[in-house]
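Remarks on the structure that follows.
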Amino acid sequence: MNVPDRKKALEAAIAYIEKQFGSGSIMSLGKHSATHEISTIKTGALSLDLALGIGGVPKGRIVEIFGPESSGKTTLATHIVANAQKMGGVAAYIDAEHALDPGYASLIGANINDLMISQPDCGEDALSIAELLARSGAVDVIVIDSVAALVPKSELEGDIGDVHVGLQARMMSQALRKLTATLARSQTCAIFINQIREKIGVSFGNPETTTGGRALKFYSSIRIDIRRIGAIKGNESFDLGNRIKVKVAKNKLAPPFRTAEFDILFNEGISSAGCILDLAVEHNIVEKKGSWFNYQDRKLGQGREAVREELKKNKKLFDELEKRILDVTSVPKATVVEEKKEEQSIQPVV
């Protein structure tokens, strides 16, 4: 078959496919605008936004946040919710653990009056609610907290001590097969919070694993491993917060395995001012001499905590340092990308 005949045959095949499955069911990759720019939501920590390589967590994808207890998983997810709301988006929180603190969420910056929350009885209900919300095309981010708390209905109806092999893994695999395409069409970001477990009998290598089987690892575009590495001491005997280290364990949109560090303070969540200061020092924008921090010909202050407080008060200086950091790192800011969300009819999920 020569070139003109091949072209005619391809055009005929495309015409038949579009007639059979609808317009837009097949197209040139270059004409698909979604491949050229990724709409993202900021995480609240600039160091993590830079480590992700795209300026935040992507819309239309699945993101998994996992780590040990009290490592900041829910705090990070709530910051993403707050930033989505600040961009004019709608957020939903599926609280399978029944442990979300409205006061702390409000302190972080989430608008709890506009935040939709669901506390389902079983895992099937939780995942069905997530799919229905995504299918509506009106929700920008859905947080599922957590995978370990998604109890299959048959396990819930059974007795304590009954053995249920692979029930949760099968439930997650079935749900994610349906959810992935829906999220991509509606440009909804689904954030799954997950816990750490240990494999029994592992002598060599890392014994840690996450709950819910392998499906979530496969379908996630980004997997974020978050750990507490130290305490932030105050002037008195009590701690101000925790120092957190994050590793991007998987990334389909940028180079993986990058790391980032930031502070989580008990009275404000992720310290954006602390992130800016650390990055400014790292990129030689702010000079650190002993305990003093200098910017250009100006002394910012003595001691990291004092300078961090100064950056919180001085919005102009904060924005200037952030702009210079972004210019040096050449990573795009997380911006609002207008998406034409196609209205989809909501049907019950079987």
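A Cβ is built for glycine as well, from the same backbone N, Cα and C atoms used for every other residue.
What Swiss-Prot records for GLY67, PRO68, GLU69, SER70, SER71, GLY72, LYS73, THR74 is ATP binding site, and it gives sequence analysis as the kind of evidence.
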(request) Around the Cβ of SER70 (ATP binding site), how many other Cβ atoms lie within 10 Å? Please give the count over every shown protein chain. (result) 11
(message) My understanding is the cutoff is Cβ-Cβ under 8 Å with a sequence separation of 6 or more in the same chain; which residues meet that for PRO68 (ATP binding site)?
(response) ILE196, ARG227, ARG228
(message) I want the residues beyond GLY67, PRO68, GLU69, SER70, SER71, GLY72, LYS73, THR74 whose C-beta is within 8 angstroms of the mean position of the ATP site's C-beta atoms, in chain order.
(response) ILE226, ARG227, ARG228
